[in-house]
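Q: Once you've had a glance at the structure underneath, I'll fire off some questions.
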Amino acid sequence: MEKRIAYLGPAGTFTHTAAREIWGDRALLRPVSAVDFIIGELMAGGADFGVIPLENTVEGIVTASVDELVFRTAGIVILREVSVPITFDAYRGRADRDDGTDQPTVIASHAHGLAQCRRYVAASGLPTKHFASTAAAVEAAVAEPGMIAIGAPGLASRYDVEVIDQAVEDHTGAYTRFACIGSDDPATAALPPAPDDVAWKTTLALTPSASRPGVLAELCTLLADQGINIISLTSRPLPGFPGAYVFVLTLAEDPDSVHVARGVQGILHSGVRLKFLGSYLSDHLVRPAPSDRLLTPPIGSFDIKDFHRVVARFPGRPAASGPVG
């Protein structure tokens, strides 16, 4: 029976590209309008697998996806991860151009798309309009006069639009990690064969029983003591508990690793709650960094040459012993 794959649509999104990269023509790909609807389809049995964005190298984690997996599902895990290069073109509706309406009035895309094309958006001087996906914005531009839509390359062959500018992104070499998600039941988790150049990752959500100094350092030490490389760490606020956080860690380890087994046992013995978010093959760890660019830290960062400026910023004065003021 043909597998049913729900992805963040409409057709032509980067998520669609990721779904095709994983499944090719082996499955029925069905567009869905939001991440929570994809999860709903999986929970209700309307889809066998879903494909959702996880993290962009410019804008960071996709909180809608991570929060759905961490807080609002049980038994749905990451089964495969694929990285898609991200570049953007700008489009106008063909009819809009043909009728002489040359003056654009608004520029539209998904929030992440607009954020990754800030310079182009700013230079246009136009107000912005948000859509659920980049392709949805391009689709809307067909019928909305004056709209410039930012989306993936190639959409002029899918929608009645024309390209007016190419490669309008701020940063070259960006990519987004996408996850194929599905049931944690091994009997239903059969995926197409993975390419050769992939590596294992395991993702966990850890909830400490209390917020106190050193709790995150202790968790990291428990894993480091087992020789585990933490390749990603993010925190999400625990709803309803101000000041409390869930830590989402991704480890460069496979599911049968003795190191992970010992690390997980140590975490549980420390009183931390653990949620398994998946062990999966990913091309992320083996994707080479651009060879023509040096790593560039955020603007305003210090190094050893700025030692005295850092000391002046953190003088190490004793903490006040009594009430202030």
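Cβ coordinates come from backbone N, Cα and C, glycine included.
Straight from TrEMBL, here's the annotation block:
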DOMAIN    4-183  domain 'Prephenate dehydratase'
DOMAIN    204-281  domain 'ACT'
SITE      THR176  site 'Essential for prephenate dehydratase activity'
Q: For THR176 (site 'Essential for prephenate dehydratase activity'), what is the tally of other C-beta atoms lying within 10 angstroms of its C-beta?
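A: Its Cβ shell of radius 10 Å holds 23 other Cβ atoms.
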Q: With DSSP helix as H/G/I and strand as E/B, how many residues of the domain 'ACT' (204-281) fall in helix, strand and coil?
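A: Going by DSSP assignments, the domain 'ACT' (204-281) contains 22 helix, 28 strand, 28 coil.
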